[in-house]
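Okay, structure first, notes after.
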Amino acid sequence: MSNLKTSQLDPFVMILFGGAGDLARRKLIPALYGLYRNGLIHERFSVIGLGRSPRETEDYRQIIMESVEKHFRLPVEHRGELEAFSRHFEYISLDVHDREGYHRLKERVEDRERGLGIPENRLFYLAIAPGLFGEVSFHLRDCGLARTHGWKRLVIEKPFGHDYPSAKELNDRIRETFQEDEIYRIDHYLGKEMVQNIQVIRFANTLFENMWNNRYIDHVQITASEVVGVEDRAGYYDGAGALRDMVQNHILQMVMLVAMEPPSRLKPEAIHDEKIKVLRSLRRWKEEEVNRNMVRGQYTGGFQNGKPVLGYREEDGVREGSHNETFVAGRLYIDNFRWSGVPFYIRTGKRMNQKTTEVVIQFKGVPGQLYFNKDNNLDPNLLVIKINPEEGLSLQINAKKPGAENEVVPIAMDFCHDCEESSPEAYESLLRDAVEGDRTYFTHWDEVSLAWKFVDPIRKAWDQQTDSTLCFYEAGTTGPKEADALLARDGYRWHSSGLSTSVVRGNQITEEGKGKS
Ligand SMILES: NC(=O)C1=CN([C@@H]2O[C@H](COP(=O)(O)OP(=O)(O)OC[C@H]3O[C@@H](n4cnc5c(N)ncnc54)[C@H](OP(=O)(O)O)[C@@H]3O)[C@@H](O)[C@H]2O)C=CC1
Ligand SMILES: O=C1O[C@H](COP(=O)(O)O)[C@@H](O)[C@H](O)[C@H]1O
């Protein structure tokens with residue numbers, strides 16, 4: 001999020017397709033409210049929510065207020081403020097296939113612009129099924145709504161295609177109406193505070209940037225584990241799987257941010273250029289290499305918080321005997337000067353033992369070993385970037401064990417990012433950026449296309465294999481043992497919350513990390 005003053009913000013009309021859908025209710029409307037109450041959007045803004053369902057604007061405004069009360073990250077303090085916020089919204093019933101309906105929509109948008117003195121700044125947000133993106137984009141051009149005297153921007157949700165050819169087809173379609181710099185492809189991980197902090201930690205600290213290479217970094221681990229299962233999204237997820245759902249976008253975005261070279265300027269194009277170079281250097285696994293470097297898993301029934309939970313194949317809407325993966329682990333290499341020989345291990349899965357998103361940088365050992373821990377060894381230095389649910393940093397270093405002569409223990413220096421003040425939700429940050437026209441934290445087409453080109457051969461290899469390479473793991477655990485073996489073969493193990501062994505905080509030695517990984 002840039003530091004623009006609110007007086008510099010533009011008035012705008014937001015045309016929200018899927019205006020009463022799940023994403024709108026749970027994320028977008030509360031995010032807009034967060035910006036509104038903090039004065040981070042222009043007071044002259046208007047939102048036109050769309051959907052097929054018939055609905056009066058007054059009823060829609062009730063939905064707006066309910067969704068804020070239920071899903072905004074803080075309790076609503078001023079009812080009057082919330083009511084005033086809801087009056088910025090109105091609703092139109094429109095089926096996106098109804099060509100004529102777009103003319104009605106155009107009239108309404110122009111009416112709002114005239115009424116509020118808004119200079120044709122239009123933010124189109126597609127919170128609808130991905131299959132509808134291309135068609136909506138076409139109609140927006142066809143009816144003239146996408147011709148403006150101000151700015152026009154298209155915010156588009158994931159998934160962007162299901163492989164490279166489908167993503168390209170969609171992109172070509174959208175590009176008939178919008179230029180690349182008018183397209184804001186959402187990856188909500190890029191709106192997370194600590195994901196944005198990766199660049200700052202790297203490029204604002206001599207301490208880290210000097211060591212951020214294969215001479216000092218041994219390997220990198222990126223984890224995005226979830227406790228939730230497929231929930232009510234089997235219709236989408238059972239055809240997508242964890243590789244498309246998490247790796248193609250969120251995980252590769254984190255890889256790019258960890259591995260990129262410093263951009264020449266803090267401008268979207270300069271940053272995208274560096275991120276794209278990482279994907280160009282990312283080694284693409286050939287089909288015959290996939291099984292040595294990638295693991296796919298699926299959860300079976302188990303226990304979470306002491307309660308029994310179903311296996312994936314028993315979940316509502318999942319195809320009988322589905323081979324869809326709910327877990328992926330992998331070993332990635334970035335073949336450039338900086339990262340040559342440094343493995344990046346990634347893993348993501350549903351129904352695991354804990355919700356954790358984090359990046360762990362494991363540094364190489366000292367050249368000679370003068371000091372030893374109680375196991376006659378020396379723990380590695382770790383930098384843990386905690387993204388979710390905790391936000392912060394932890395640096396593990398070795399120090400003298402209090403009172404002992406030569407024994408060393410790992411100590412953790414912790415920084416909590418959200419302890420003083422709750423961080424804005426990812427969508428709050430991204431929506432504000434879209435309104436400001438800052439594309440830094442949106443994905444460029446080249447990133448999307450190269451990410452698919454990395455993922456597609458893996459997908460193809462898995463689709464051709466039978467069940468034998470699908471590894472099962474019990475719900476509530478850390479994933480299949482084959483994911484542990486992937487690291488064990490290289491002499492490593494997964495760090496859980498970065499804490500691989502006993503850790504000293506102040507004078508207290510805790511056993512936090514033990515046995516968790
Ligand atoms: N929900 C989430 O947490 C996330 C969602 N996304 C993405 O966001 C998008 C929306 O997802 P989500 O909100 O969950 O989906 P929902 O099904 O909850 O909402 C979709 C909305 O689209 C409207 N809609 C459906 N068909 C049409 C049509 N033909 N014409 C006009 N409106 C239509 C529906 O309203 P009506 O029935 O009244 O027409 C509904 O309100 C998807 O692309 C999804 O992948 C991405 C990340 C997370
Ligand atoms: O995009 C997605 O992300 C969520 C996980 O997001 P997080 O912010 O809670 O880490 C995942 O559950 C979902 O399957 C996927 O589509």
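For all residues, glycine too, the Cβ spot is worked out from N, Cα and C.
In TrEMBL, annotation is done automatically, which means it is predicted and not curated.
Here is what TrEMBL records for this protein:
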| type | residues | note |
| --- | --- | --- |
| DOMAIN | 15-197 | domain 'Glucose-6-phosphate dehydrogenase NAD-binding' |
| BINDING | R52, D95, V96, K158 | NADP(+) binding site |
| BINDING | H188, K192, E226, D245, K350, K355 | substrate binding site |
| DOMAIN | 200-495 | domain 'Glucose-6-phosphate dehydrogenase C-terminal' |
| ACT_SITE | H250 | active site, proton acceptor |
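Comparing the recorded positions R52, H250, K355 by how many other C-beta atoms lie within 10 angstroms of each C-beta, the top residue is H250.
Across the structure, D95 (NADP(+) binding site) and H188 (substrate binding site) are spaced 27 Å apart at their Cα atoms. Comparing Cα positions, the residue listed as 'active site, proton acceptor' lies closest to K158 out of the binding-site residues V96, K158, E226, K355.
It is 9 Å from the Cα atom of D245 (substrate binding site) to that of K158 (NADP(+) binding site). Nearest to H188 (substrate binding site) in space, judged by Cα atoms and limited to the binding-site residues R52, V96, K158, is K158. Binding of NADP(+) is attributed in the record to R52, D95, V96, K158, and the widest Cα separation among these residues amounts to 21 Å.
Non-local contacts of K350 (substrate binding site) by the CB criterion (under 8 A, 6+ apart in sequence, same chain) comprise E226, V228, G229, V230, A242, Y299, Y312, T326, F327. Among the binding-site residues R52, D95, V96, K158, K192, D245, the ones whose Cβ sits under 6 Å from an atom of ligand 1 are, in sequence order, R52, D95, V96, K158. A count of other CB atoms within 10 A of each Cβ picks out K192 as the most crowded of the binding-site residues H188, K192. Ligand 2 lies under 6 Å from the Cβ of the following binding-site residues, listed in sequence order from R52, V96, D245: D245.
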